[in-house]
Each structure stands twice: as C-alpha cells, then as structure tokens.
Amino acid sequence: MLRNRLSRGGGRMQRPFSSPATSQGPSRIRSAQWCSKAAASDAPAVSMRAMVDARTVACKTTEPTGRTDKGIIDTQPPRGTRDFFPEDMRLRNWLFGEFAAVSSSFGFEQFDAPVLESEELFVRKAGEEITDQLYNFEDKGQRRVALRPELTPSLARLVLQRGRTLPLPAKWFAIGQCWRYERMTRGRRREHYQWNMDIVGVAGVEAEAELLAAIVLFFERVGLSKDDVGIKVSSRKVLQSVLVQYGIPPESFARVCVIVDKLDKLPREKVEEELRVLGVPPSTIDGVLSALSIRSLEELSRLLGPDSEAVADLSRLFQLAEGYGYKDWLVFDPSVVRGLAYYTGIVFEGFDREGKLRAICGGGRYDRLLGAFGGDNAPMAGFGFGDAVIVELLKEKGKLPAPPHRVDDVVVPLDMALRPAASGIAARLRRAGRSVDLVLENKKMKWAFKHAEKLNASRLVLVGASEWERGKVVVKDLAKFQQEEVPVEDLI
Ligand code: HAM
C-alpha cells in the first residue's frame with residue numbers, strides 16, 4: 001500500500017501540467033496547476049486516484065520522510081521533480097508538439113543524447129551556478145558522471161564526434177530533460193525539460209536573428225503577444241570592450257560575466273564585492289556597471305566608438321529583426337550577460353512584461369565551446385527554453401489549453417459470445433487508422449454511452465447478435481445523434 005504526503009497535513013500535492021480531470025474540448029483554462037505551490041490545494045485538478053490514496057493512508061503515516069512504521073512508501077516523487085499523469089502528459093505533448101512544430105518550420109532536425117553524461121562535460125571553472133547545482137556522482141565503475149543540467153555541452157560533444165564530416169551549417173533542435181539542484185521558485189525546478197535550437201557553422205548574427213524568429217513564432221502560436229512577453233538582447237562584446245578599456249585581462253572575462261549576471265538576483269553591493277574579490281578595481285566596477293545601464297544603441301556607440309563590433313552586431317541584428325517583423329519584441333539591455341561562461345557574442349533572454357517570473361528562455365552565441373573541449377572551434381549559437389516558466393505564464397494569462405483525451409470509436413460487444421467479433425471490428429478500424437477503445441468487460445448500454453462521452457468519441461460501434469448475423473454492426477454518430485446499421489465490409 002502507498003502513502004501520500006497529503007496525509008501529513010502539509011498538502012504538497014503539486015501537479016506539473018494539470019488540466020481539469022473532466023476537461024472537455026480544447027478550451028483554454030485558467031485554473032490549471034503546473035507546479036506552483038499556490039495552486040497545490042486546487043481541488044479540481046487533484047485526481048480521484050490521488051484523493052483515494054490520500055484518504056486510505058491518512059492515518060498511517062508517522063515519519064517525515066521515507067517509509068512509515070508500516071513499511072509504506074512515499075507516493076510523492078523526489079522534491080523538485082514531477083509525475084506526469086495522463087492529463088499532464090496531454091498538456092506536455094501539446095507543448096512539446098509546439099516546440100517541435102516551430103523547429104521543423106525552420107528546417108531544424110531533432111537530436112538527443114543521454115541524460116547521464118560524463119561529469120567533465122559540465123565542470124567549468126568560471127564559478128557558474130550550474131556547476132554547483134550538478135547532480136553528479138560516481139557510478140559502479142568509479143566513473144564520475146552527472147545528470148545533464150543543460151543540453152549544450154552534449155550538443156558540442158556530438159558535433160565533435162562528427163568532426164569534419166558534419167555538413168555545415170547544421171541546424172539541430174532537442175527537447176530533453178535536464179537536472180539542476182536548484183533553490184525552487186515559481187517555474188524553477190530540480191528537473192525540467194528544455195527545448196533547444198542551435199545553429200552550428202554560421203558566424204554572422206543572421207543565426208541569432210533566425211533563432212529569435214523561432215522564439216517569437218512559438219510565442220505567437222501559443223497565444224502570447226509582444227505586450228505579454230519580450231526578449232532582452234545584448235552582446236557580451238559590450239562588457240568585453242568595457243573591460244578592455246579598463247585594462248582587465250581577457251582571462252577574467254568569463255568570471256566577470258558570471259558575477260555581473262547576478263545583478264538581478266543579488267544586491268548591487270554583493271555583486272561589487274564579488275568583483276572586488278576577483279581583483280577588479282573599484283573605478284572599473286563603476287565603469288562596468290554604468291555601461292550596463294545604457295538603454296540605446298546610439299548611447300552604446302558613443303561609449304564604445306564607431307568601430308565597435310558589439311554595436312555593429314547589435315545594429316545588424318535589429319535590422320534583421322525589422323525585416324522579419326519582430327523588432328518590437330526586442331529590448332536592447334546590456335545588463336543581460338547570462339550566467340553561463342561559454343557565451344562569446346550576442347546573448348538574449350525571454351521575459352514576461354509584468355516581471356512576475358524568471359527568464360522564460362535564454363541563449364546566445366558561443367563560438368569557443370568546442371575549443372574548450374579540445375576540438376577545433378566552430379561558430380555556434382542557440383537557445384534553451386524551459387517547459388516550466390512558460391506554463392506558469394500561460395496559466396497566468398488564461399491561455400493554457402486543456403487538450404482532451406479522445407478516441408474516434410468506442411466498440412462495445414453486446415454479449416460475451418460476441419467478444420471475438422468485436423475484437424475483429426476494433427482491429428479493422430485500427431488498421432484503417434482510427435483510434436479505438438474496445439470495451440473489455442460486460443457493461444450496460446448506459447455505461448457505454450457515458451464512457452464514449454468521457455472519451456470524446458465520435459462514434460459508438462455496437463456489436464449485437466441480430467445485426468452480426470446479417471454481417472452488420474450498429475454505428476451511432478454521437479455528434480449528430482444518428483444511428484445506422486453498417487455492413488462490416490463498409491465499416492471504416
Ligand atoms: P539557461 O539560461 O541556463 O541556458 O536555461 C535556459 C532555460 O531553461 C531558462 O531560461 C529556463 O526556461 C529553463 N531552465 C533552466 N533551469 C531551469 C530550472 N531549474 N527549472 C525550470 N526551468 C529551467 C542554458 O541552459 C543554455 N544551455 C541554453 C543554450 C542553448 N544556449 C545555447 N544553446
């Protein structure tokens with residue numbers, strides 16, 4: 001028997017992608033739970049099974065974690081991870097379908113890699129949060145391994161594996177589970193799925209412009225507008241130029257970026273302190289932080305001079321964005337540097353205009369990652385887009401769909417002797433490409449009707465003795481409320 005943490009009174013029953021249990025039709029819902037604690041007591045989304053579990057075990061739990069004195073296991077998944085009930089999977093499949101559809105519409109091909117990778121792929125020395133958050137351990141063969149916290153190093157590994165045989169440019173996408181031992185906030189979890197699109201082999205900002213176009217198309221497809229979301233854009237070359245102006249050695253660049261990225265999470269004094277510890281003089285710190293408060297390309301051009309690569313890249317990117325028609329979605333913001341050490345050029349981050357949530361997505365150019373792995377560098381740019389924040393946002397905006405479970409036909413044998421006949425009918429319909437729920441137990445007609453309604457079936461196919469003797473079945477069209485006898489050979 002299983003135990004549920006609800007029984008301990010705290011009610012940590014969080015659902016990842018939940019739609020109302022009785023969702024009918026593709027309507028948009030407002031109250032679905034995704035992963036927020038606030039929604040944990042939202043009764044309609046708690047499945048019947050979970051409620052029964054909770055009730056049956058209510059008085060049997062005695063320990064805060066692990067097994068109880070009766071040896072009952074905890075029915076909740078590990079903290080920060082999610083179960084996906086069928087209704088959650090419907091929503092997840094919808095979301096991943098959108099990710100995949102956008103990627104395909106840009107001509108990208110899908111790849112995947114193992115969730116378990118060699119630890120060295122993710123250990124970098126720039127002080128990134130992601131390294132501290134690694135789920136890493138030694139396997140039974142004494143190899144240091146880690147659950148991937150992101151997909152980019154795996155992509156780099158695959159690109160290196162193919163080496164010169166990989167036709168460039170390569171445009172690849174992936175949707176994979178990632179693991180980070182994070183402090184949990186709304187939309188941030190210890191396990192999440194990330195949609196990535198990456199372009200290998202294109203040195204110009206045309207690559208970034210294409211990637212941003214894909215993100216905007218995705219937003220539009222799920223019903224978000226430029227008033228709901230925006231994408232902050234900058235270039236790491238801005239910070240790099242400022243550091244060069246102040247004579248800071250290039251080796252410090254990645255570390256400075258990682259520290260500066262904390263500006264929206266930590267008090268300014270804390271960031272200044274970290275920069276001081278790194279050896280950045282106070283006058284440089286002031287210069288860096290004031291450069292990051294610039295809000296126009298004209299101002300940036302005045303600061304960095306007319307030959308600045310950062311200004312040229314950003315101007316070109318905005319020109320291209322105008323051509324694509326998504327310029328109004330972009331916001332130039334040099335304080336966006338991103339927390340990952342490997343970015344080398346344009347960087348960007350999707351955000352909600354109300355500022356309620358953490359970054360929706362993020363990416364940029366990383367032309368030296370292959371080199372860091374001992375290979376020949378190649379220009380690369382891409383983004384990662386998590387599944388959790390976007391669902392929180394869609395929920396907030398009342399735009400989260402509730403995809404229904406549905407089948408085309410429900411096939412019902414009207415007596416035991418007709419089971420083989422009904423199985424044959426189901427097989428025939430399935431071969432014709434229809435989805436069929438075959439009723440496997442003896443059930444009354446009333447039940448069959450309700451069942452078909454619950455499954456949003458379009459037809460009920462009744463296999464009854466008298467019709468069967470005449471080589472026919474009864475087909476009820478549930479939308480039109482019509483029924484007819486159909487010869488088996490005509491049934492599709
Ligand atoms: P990242 O900014 O670390 O970049 O993550 C990208 C996105 O993944 C975030 O904006 C967020 O949507 C989601 N995400 C990250 N961590 C979590 C978490 N703990 N819980 C929920 N969602 C999360 C990267 O990972 C880069 N590798 C992206 C990239 C691809 N750059 C180039 N290509």
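Using the three backbone atoms N, Cα and C, a Cβ is placed for every residue, glycine included.
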I'm validating the feature mapping. Which of 1-30, 121-150 is tagged region 'Disordered' in TrEMBL?
1-30
If I go by TrEMBL, which of Arg162, Arg164, Arg180, Arg183 binds L-histidine at the same site as Glu150, Leu151, Thr152, Gln194, Asp198, Arg338, Tyr342, Tyr343?
Arg180
Over the domain 'Aminoacyl-transfer RNA synthetases class-II family profile' (79-420), work out the mean pLDDT and round it to an integer.
96
Reading the DSSP string in three states, the entry for Arg338 (L-histidine binding site) is coil
All-chain count of other Cβ atoms within 10 Å of Thr152 (L-histidine binding site):
24
